[in-house]
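Look at Swiss-Prot and you will find 88 tagged as site 'Plays a critical role in the stabilization of intermediate cation'. The motif 'DDXXXD motif' annotation in Swiss-Prot covers 91-96 and rests on similarity to another entry. The feature Mg(2+) 1 binding site is assigned by Swiss-Prot to 91, 96. What Swiss-Prot lists as site 'Plays a critical role for substrate recognition' is 92, and the listing cites similarity to another entry. Under the heading Mg(2+) 2 binding site, Swiss-Prot lists 96, citing similarity to another entry as support. Positions annotated as substrate binding site by Swiss-Prot, on the basis of similarity to another entry: 184. Residues or ranges marked as Mg(2+) 3 binding site by Swiss-Prot on the basis of similarity to another entry: 230, 234, 238.
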């Protein structure tokens, strides 16, 4: 009933545009990175059929990387673009666009954690496991050890908080806003992305600066801005998903608001968070700080602006015309995993 009620109203949804104070940026390597990303995804058997290939082509994950990391060196930018295509496809097939929980859910998610903890794949890898191992090994080589561990911890939390998201969707009604926010900031996968912001700007922020309360608050605000905006932008697609569909907008509706009111409330929260981010960023960067911290804050700004521009100008991931074909991946998720993982790369246990 919860989903059916929203489906009947969703055609009237008007997605707001968010105004960002700093200019658009994009790496000049965008096109070549996108092309190589597609070849890499092919090599690792991530594009499971022609329909999936078409979906990835029109989604433009390489351009998301190019917008969010405009100053990254070519090797790191390529690794990030490959990570993006892997992450979005794995997230869809493991959690979002399949049944709330399946016989393979635990095996799939623990395999991703194992790659981080053991630096090897299993003897019988699940979908995307060898691709994930390849990304992690490349990032280990490209990043400082602590920087890689920040990325890895963010991904461990993505895999583990997915269980909380699943539990929430097994309840008759969603948890409240505060509980949802705690889950959302980790299932989004954004913390691993922001952990790369300094390296992508040719810096390596030190721990004593990275873990300052105000710096961590900027990281949280970046996460909130992107996630809450995405809750509006992806609502039309997500409400049609068989698995995960509850988000900030639907929870406000559950609390008694109309769809229009819930979107307005969420929009206001995004704009308020954006305003607070700008004020705090000015405070953090006003005194004499290291160049590494300064470029890290710049990297957070690139992520906010880059994501928003990607949604408006580049991607069709949330396009209404593809909802019917893209929202439900249950038929894809039941394909024989052994067929999806025949790849010539990497070691296994």
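Along the chain as shown, residues are numbered 1 onward.
Quick reminder: no glycine exception, Cβ is built from N, Cα and C everywhere.
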Protein Cβ atoms within 10 Å of residue 88 (site 'Plays a critical role in the stabilization of intermediate cation'), excluding its own: 19
Spatially closest candidate among 88, 91, 92, 184, the listed recorded positions, to residue 238 (Mg(2+) 3 binding site) (Cα to Cα): 92
Rounded inter-Cα distance in Å - residue 230 (Mg(2+) 3 binding site), residue 92 (site 'Plays a critical role for substrate recognition'): 15
Secondary structure content of the motif 'DDXXXD motif' (91-96), with strand meaning DSSP E or B: 6 helix, 0 strand, 0 coil
Cα-Cα distance linking residue 234 (Mg(2+) 3 binding site) and residue 92 (site 'Plays a critical role for substrate recognition'), given in Å to the nearest integer: 13
Local confidence of the motif 'DDXXXD motif' (91-96) - pLDDT mean: 79
Neighbourhood of residue 234 (Mg(2+) 3 binding site), C-beta criterion under 8 angstroms, separation at least six: 247, 317, 318
Rounded Cα-Cα span from residue 184 (substrate binding site) to residue 91 (Mg(2+) 1 binding site), Å: 13
Neighbourhood of residue 184 (substrate binding site) by C-beta distance under 8 A, where only residues 6 or more apart in the same chain count: 227, 231, 247, 248
Largest tally of Cβ atoms lying within 10 Å of a Cβ, found at which of the recorded positions 91, 92: 92
